[in-house]
Amino acid sequence: MNQNLHTLSDETVAIVLTKLEPISTFLKDENLFEIVINRPYQVMTEGVEGWKTIETPALSFNELMGIAKVVASYSKQNISEKNPILSATLPGNERIQIVIPPAVEKNTISMTIRKPSSRSFSLEDLANKGLFSVCEQVSFTPLNNYLSHLSELKHIDHDLVRAYAKKDFVFFLNQAVQCQKNILIAGKTGSGKTTLSKALIAKIPDDERIITIEDTPELVVPQPNYVSMIYSKDGQGLASVGPKELLESALRMRPDRILLQELRDGTAFYYIRNVNSGHPGSITTVHASTALAAFEQMTLLVKESEGGGDLERDDIRGLLISMIDIIIQCKRIEGKFKVTEIYYDPFKQRNIFGGN
């Protein structure tokens, strides 16, 4: 890197860290998940013991506006009355969402900081911590038909069906990744979707070339042959490229897998394009309340996108059912990440028993 650019980058980071000094204790606390500011002079944190409120005299409205401006500058974006919403990543890799007036009440500022896990857990680690202790199988086809109709499936699915039927979810998911099944991880914000996606990505063989597409750098890819591509959310940033442009570029980059980190807005349509382009093995996330509701949420997202607006809802849903192999529903229960449901229905996917 050019020495002047390196120095400029270091100076910008130093300015950001100085501005964040009033909340630095919370940023360093490994027991916290979220740090939120709803109004001046007050910080709320969420950890294993739930929410706590801390009065913070240093965080005046002007001081918070100063933080917003510095974070915008650091992330090569802009925040103003015309552009009152900012999504960025802090120097410590924390994700921050900032909303200023007039998008929030006058004299208030909203800041939501998502802290990344201080370490990456393997799938086995998560299972030993009780990740699957309350997990249920979810499907359209009755579960008691799975083993009795095994011969109607491709051989590659036989081990998966057996593991799924006996709730051996670690083996099931490990095999699913190895077999390049398309996996969708669903849940609300803070439910452990990213933690689980990191564990699954770690199971991808080292000889595969991986391209990730995100709006905020968050995924950890341990494989040596990978490229992390970043798009500008809402057209902000130095380069006004979106997921569509990055996907088109990724398809020319000799990928074995293309991983779109989170599906929302138009990215759901590009997810379909990605899978249909002959690049299975996707591992991605979406906000949904249940595993089956993820199909409806995805249908809605595709329908609302520019590319999917002319498609019929039933056609979109049918396409999603045929493409998505596995849906994992995540939830935080009493401060612990849990998988509450796993959808896997190769019979419905292949329309073996017919029906809608």
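Cβ atoms are placed via backbone N, Cα and C, with glycine included.
It should be emphasised that the depicted structure is a prediction, and the values quoted were computed from it without experimental measurement.
In the shown protein chains, 12 other C-beta atoms lie within 10 A of the C-beta of Lys188 (ATP binding site). Classification of Lys188 (ATP binding site) by DSSP places it in coil, neither helical nor stranded. The ATP binding site annotation in Swiss-Prot covers Gly187, Lys188, Thr189, Gly190, Ser191, Gly192, Lys193, Thr194.
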Message = Give me the sequence-ordered set of same-chain residues, not including Gly187, Lys188, Thr189, Gly190, Ser191, Gly192, Lys193, Thr194, with a C-beta within 8 angstroms of the centroid of the ATP site's C-beta atoms.
response = Thr285, Cys330, Lys331, Arg332
Message = Using a 10 Å radius around its CB, how many other CB atoms surround Gly192 (ATP binding site)?
response = 23
Inquiry  = Using a 10 Å cut-off on CB atoms, tell me which of the binding-site residues Thr189, Ser191, Thr194 is the least crowded.
reply    = Thr189
Request  = Give the sequence-ordered list of residues that share a chain with Lys193 (ATP binding site), lie 6 or more positions from it, and have CB atoms under 8 Å from its CB.
outcome  = Ile185, Ala186, Gly187, Thr285, Cys330
Remark   = Residues near Gly190 (ATP binding site) by Cβ (under 8 Å) yet at least 6 apart in sequence within the same chain, in sequence order, are Phe33, Glu34, Glu46, Arg114, Arg332
